[in-house]
Amino acid sequence: MEHQLDPDQEESILITHFVNPHQFSYVRCIDVENSAMLVRQIEQDLKDYCSSERTKQVYVEDERVIVRYQRWSPPKLVRGVVRRRQNEEYLVWILDYGFNLCCSVWDLWPLPDHLSRSLCDFKEGGVALIAPHSGSVWSRSAIESLDKQLEDANQLTFQVVHRGKSNRNFGLLKFRSSCQTEDAANFLIKQDQGRCKETLTMAIPYEDISFEKAEINDMAIDTRPRLRRILELVVLLSENAKESTPTPSAIQQKKLDALLQSHETYLIPNSVKLLSKVQSISESSMQTALANRSKQISKELPHKANQSEDNRKKEVKYLESENLSECLSKVKLSSYQQKNTDSSTLSGPRNLASSSTNSNSNVRKSMTLFKSSGAHLTTSLSVPLTENCTNQSNNRTVVFSMDKMEQIFNDMLGKNPSERSVQKNRSQMPNSNVSTTKRCVEKMHVCRSENMGDRKPSVCLKHLVLAHSPEPVNPVTSYKELPLGNTILNAMDDLNFQTPLPTQIYAWPHLVNRGSLVLVNPSGTGRSWSYLPVICSSVLSSFENVTSNLDTRIAPGPLAILIVDSVENAKKLASHCEFLMKDFNTQNLKVVNTHAHSMMDVYMMLLNSCGVLVTTLAHLNNILSNELPLVNPTRLEFIIFDDYDRKRLDNAELLKEVFQKVNSIGGLSKQLVLVAQQWHSERFQKLLNRTTKPLILFGDFLEAALYGGLKFNVTLRSSALKARQLLDILAEQDGSKKRTLIYCKNQMELEELSAILIEAGLQCVDISKAQNQSPNRLMLVDDSQVRKQLPVRNIQLLIHFSLPESWLRFSRRFHTMADNIRNLFTKPIGRGQDLITYILMDENNAKEWPRIMKFLQDHGLTTQSMPDSEQQLDNTLPYCPYKLSNGNCNRNQCNKRHHFLKTDLPKIGNPLLQPGTLIRCKFLKAYDPAHMAVMPMKYKSKDSTIWIDVPYPSYPSTLVFKMSFGVPRKVHNPCKINDVCFVQHKELLSRVRIVDNPARPQVTVQLMDYGTELLQVKASQLLECPEQFRDLQQLAMDIRLSGLAGSGQGGMWSTDSIQWVQDRFADINEEIMQITVDFGVLDVAYVKEIALIEECPTMLTSVYKTFLRKELLRQGFAKIDSTSILELRAIHEQWKQEMEELRANKENIVCSSTDLDNRDSKITSLQNKQATCSSGKEEDLNPVETPLIIASPNSNETLEERKHVSDKVQNKIDELNDFNKSVEIEHVQDASPLDSSTALINTLIHELNTKSPTKKKNTQEFIKNIVHEDETQSIHHEISSSTNSLKQDKTIVVGPQDPPKELFLQYLNCATKSRESVYPMVKWHQTLTHIELVVEQQMLEYKLGLDGNTLEYKVNETTPPQRFILNLLGEVRIDSVKQHGYYLHIKLTKVGLLFHWPTLLNSLYVQKHAHWLIYDSERSHGPPPSFGLVLWEGYLTHKKTKSYSDSESSEFSSTPEDFIEPGVEYCEMDSNLYED
């Protein structure tokens, strides 16, 4: 289909993939029209090749695949080719629609070779005669604006003018809307996003296609307009083309003629005539067109009302006939829907009509199609993998493809095809008859079928779990097979609960049969739904079957007790139970959550009886300890512990106590459901011995192997020694015939290891011979060869030569031992095969060592000596977000760090988290009485008396509306830790930060602006956050009351305490919330106190109304618990001590500096430096010229080591300096600059006191030119005396304000002169929020660019050219650029926090080395005030002083004792804690 485009001809195109104006993929509309019919026909055939048997675990690049496109409704099957792989995702190019798709391996199948022929000719294109406005890279705004125009256009035309080296067509692209037609190049130029380029040669780099620019294969995302356009066009064109089919090729025509001229009569049964619509059979001809069967249907189905029902029955009957099976094995028909008018239903059969053909035109055979008057069959609500075939009972056509025609031809002529045997076809795809029958049965299933019980789950589904019980367990395939009741079934239907998990199909029928269950599986695997439907169904059955026994009917207590680990899970599971029973009307309490009511209310509810009691260990212990009979053992049916391991880690003693009380009331004899993450052999066996009909269900095969007595052996050695170690392990087996499996990481490692083992005399087999493996042969497998499971399940020795990418895959490897795991109920202990595994670790996967050791320790397995590198490796991991947010993390497979480091403490430059800082904030949310989310508004540092507003770039109350309106909704991809994105939360867009991105579909994010809680969302729900919102600081801050815990058991907070805090802080509009920071860690502020203040404006003071810490202790809601923050307190005290030592030694460190020019000279001793510092003399008044080097008493220390230590100390000193500047930023801003005479004197002093002889000589010559020759003798002494006087005057001291040279060169790196270029004169002025530059220009034309922190200005038209480069201190953006004559005014606005803005440009170094850059001292002073204004201000000050005895500075300086009011409680803590 290669077509050379005419450079002089415009053609209508469709753009399917747009990267930038110079790179997009397009296809001609005529090509889409010509190939639409074949594309649809191939897509209908793809469904036969998408069975579960044909799936693969890994696909390689350039492999042709079948893709399930989820974003189409319903999902459709398309063809694609793999371009790249990244972890579990694949980047696939869709062949027939021309775009990249990011999809998972579960949406891919191999594409057969005979269906891989390319049909559409997609080309690479670009807009000619255009270039980016600046540079060679297109800006994001240019790409988005043109992309939007192209998507909204009604028609696109393209005229090729040049072909690039990479076969990319550059031409004139025009888009036509309803009102006008515009050229793409002109559009970019008008938008100031492109510039005209006259040359046709486009040396534009080809941007690599990445996952970020690909479409995401998720049904929750709508199809983009450009993709929807081509998809709908293919469907429409194929339907319009059904009236005529293409003429077969010459070879196929000969085969058809030979078939039709055959004298053998090809008998077709009547049933096939009905399904294939064969009109008649004669000795010499056979019609394959559709015929009207309305007469036949009218004879067989006289009642029109039952037509649809009978049609379904007949179709199923015909599909099950033996004659049809025999016929379909030879003739395979593919059908698709036809659309005709109703008038054609009464027309008779028509003959085939063909038109004349020639070699250069498309030849089509016209065919009249008919539509019967019968009603259409109702389709199933969800039919997987059959979306592309729209089956209608009365609208079918028969199309013979090339392969099908060849098969008929070979059958009729008695030929035996060599390469297309029936066995090969059956091995490549499922039987068409069986699959068609199955699909029709699924379509006919519109209600709950009673025959579902006859179907058995697939073998692979059984192998996904390990189920052990005294009696065989019969799993189900659907919840509809269970007697759950209509209420539960309807609720499950509302949830669209279609495919149950393997653990659920075993747990449901066992619980229905009154059995007990121990389920071992990780969290997030649907464990709760393995028992919830059955529990709720049993509760509703008890409500319906009211007993006649009065004692049982009025018995108190619940029918089921559900014990969870946290308040959050209690709320979640209670809502699940309420949803399942929502349609059942009863006066009884169906669900009671003890954490949603006060304990007194809970007691009353239990006395009146209820259905399901959802509680925690602490509350259940109180209920069972109560004197009232709140739980009746005769009424109780279920006891569920979810999750056992989390309860054990939280409070093992309380868990043991609750088990004893439950056992004392006979609760363990009831139906027990115990959900855990780990197998605890001793404890669980005792529980199972007391239960009836126990079932142990494992979804985690690693835990199942430990249940079977697996012996762990873990080693950590160099990768070079692993092969030798493996040979030693195999030699230690003493010839015992153990079936051995060795896992490798990839194919290359497998081949290398196989060669080593064969060379050592061992026999190796691959995965293809897994079923016939003998014990003396080693089977080698790599992860890429394995799909979900291997066909072997009798391995005795499992060796992990390398670890997989995730812990989930590592756990799945142990399924190969499933058949050798002995059943605890049927086989005596001591029998069976020993299971052994070896994990060979090296430096490549050493980071998993701590996790494996922790896993072994949690299971009570002995571990040998651990390497010293464990702590170091563990410190590289990020801190666990769940532990930081909730205070604990009970996830068994958590791979995050659970201990704090010094690096977790806040930087000194962040005053909000410094000890002693007072913060006035706005209350957002209370998660518990000691954990809240607030929005800081003002703060005052510990040693300051000034309140400073928190500098938010955007007003907080309007930020949420700005984010919700006018922001493009694009899915954020890929998801990385700490990425900022949007999520739809409470009907508004909210900023969130990704804190955990596990291998599961859900991503853990944390709110940033109006809360700090963690949310579990799907990756498709994360939206792209524009850059203007991405860099804004977080509005919400997490605060915790340090050293305080709930008064309940295990430190839990009571419901009353939570309710009291919410009521107290819900409406504090007239009060101010003030917190006192104790210390901070990882953006969480641990506070000493949370106070509510009421201001008294008339008295110029304020009153403390509530101290939260004292109120919680006074009312008995809380207790002192300092153990929870001992680790944090110790790290903070150590860090505080280091900072104090740095402050004490600051002067010594500064005075220990040496000259930069004499870096290689001998370093003086530490004693000499201290003496120099104590005498008050400085070697160099300009610290910019001198680097900081710490003198070490160790003479063997190298210069590089000293330099490293000096840099480390200097960074800490700089942080201290920045902190002082941030606290007193207003004083720094108001400091008046030095006058010119003082600057000149300081410069001369610096030059004369330097160690460089050349500088001294040049300075003396300069002074000689100013003063007389006879006065030069005393100049040096006079300047020295001036030095002492300047040091005594604190107002003109310059040294401490100047930055060190290293920092100055880093912050202000002015461009050096290059050839004949010069600097323009620039005036600099800065405020707290802005920087203003005034540039003297020689020409009105200039170029100004801002890249990050670098500002570049250049004028190339002048001779010599002008330019300068400024590397600014912080990130800025250009606010305005104005031209006033030959002066260019540039205004820059700071981005981010405003208290990191030190002033550097009034230093001597700038005036000396950047002579072209001067500080605008006149503007910093401002115009002098008028005399009248001065008098008026003096009068107001005098009047104010006379009226009030105290000044305004003492407004908040009073202690709580100074304004005690009757009936108000105050905290008995240090008074300076609340001092403002």
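Note that Cβ sites are derived from N, Cα and C of the backbone, with glycine treated the same way.
Of all ranges given (187-215, 477-505, 709-737, 1405-1433), Swiss-Prot attaches the label motif 'Q motif' to 477-505. Confidence over the motif 'DEAD box' (642-645), given as mean pLDDT on the 0 to 100 scale, stands at 86.
Sequence-distant contacts (6 or more apart, same chain, Cβ under 8 Å) of T525 (ATP binding site) comprise L501, T503, G699. Each residue of the motif 'DEAD box' (642-645) gets a DSSP state, and the totals for helix, strand and coil are 2 helix, 1 strand, 1 coil. Here the binding-site residues are P522, G524, G526, and the one with the most other Cβ atoms within 10 Å of its Cβ is P522. When the binding-site residues S523, R527 are scored by other C-beta atoms within 10 Å, R527 scores highest. Taking a C-beta cut-off of under 8 Å and a sequence gap of six or more, S528 (ATP binding site) has these contacts in its own chain: L573, H576, D642, V675. Secondary structure at R527 (ATP binding site), as computed by DSSP, is coil.
Annotation for N521 (ATP binding site): same-chain Cβ neighbours under 8 Å, separated by at least 6 residues, are T503, R527, V675, Q677, L697, F698, G699, D700. Report note: the ATP site is defined by N521, P522, S523, G524, T525, G526, R527, S528, and the residues of the same chain whose CB lies within 8 Å of the CB centroid of those residues, excluding them, are V675, G699.
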